[in-house]
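Engineer: When I checked TrEMBL for this same protein, it listed these features:
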type: BINDING; residues: Gly11, Val12, Gly13, Lys14, Ser15, Thr16; note: ATP binding site
Amino acid sequence: MKIVGLTGGMGVGKSTVAKLFENFGFPVYNSDTRAKELMVENNDLKMKIISLLGKEAYEGETLNRKFVAKKIFSNKDLLKKQNFLVHTALRKDFELWKSKQNTVLGIKEAAILFESGAYQDCDYTIAVTSPDSVRMQRIISRDHLSESEIKERLQHQWPQKKIVELSTFLINNDSDYENLKIQVIHIINILKTKI
């Protein structure tokens, strides 16, 4: 199975693009969602996170996302260590997911595909971009974060330009849904010639 990495910073519309691929019959592995699930389901990972960040990282069985975010986004070393722990578990989980698929092409959606090294699992990559002002509004309404919290998190992601330079394909999410759909169909048609 060929794997297409789908990436882009917060608020660019990766999930919308992933849903389009799914609607066209391609299975999607959502790394961000699975990472959140694994941090709750995977006891080994939980213990490592508690060891790294302290018992406050969990409230009972629930990840204390606010505490974890505050801790890791204010300390680059902790962020790097936590990302390593999560991405190690995620890579194993992705391989298991991949082994269960019965298709020629799958999508791996990941916000930090290049930063985490997950691009190495991909045959092709797609960067989704969007104007900064649009991204900011999407994140505020979706995640209910302040502008300063968003800017702090965005500082830990690569600039859109760098992601675009490393990607096989580009989707500009700067218009409407129909335009987005046209771009996805165009990429699907190109990918079909390569598999």
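The backbone N, Cα and C atoms fix where each Cβ goes, glycine too.
Caution: TrEMBL annotation is automatic and unverified by curators.
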Engineer: If you draw a 10 Å sphere around the Cβ of Ser15 (ATP binding site), how many other Cβ atoms fall inside it, taking every protein chain shown into account?
Structural biologist: 16
Engineer: Among all the protein chains here, how many other CB atoms are within 10 A of the CB of Gly13 (ATP binding site)?
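Structural biologist: I get 22 for this one.
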Engineer: Among the binding-site residues Gly11, Val12, Lys14, Thr16, whose Cβ has the fewest other Cβ atoms within 10 Å?
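Structural biologist: Minimum Cβ neighbour count within 10 Å, taken over the binding-site residues Gly11, Val12, Lys14, Thr16, occurs at Thr16.
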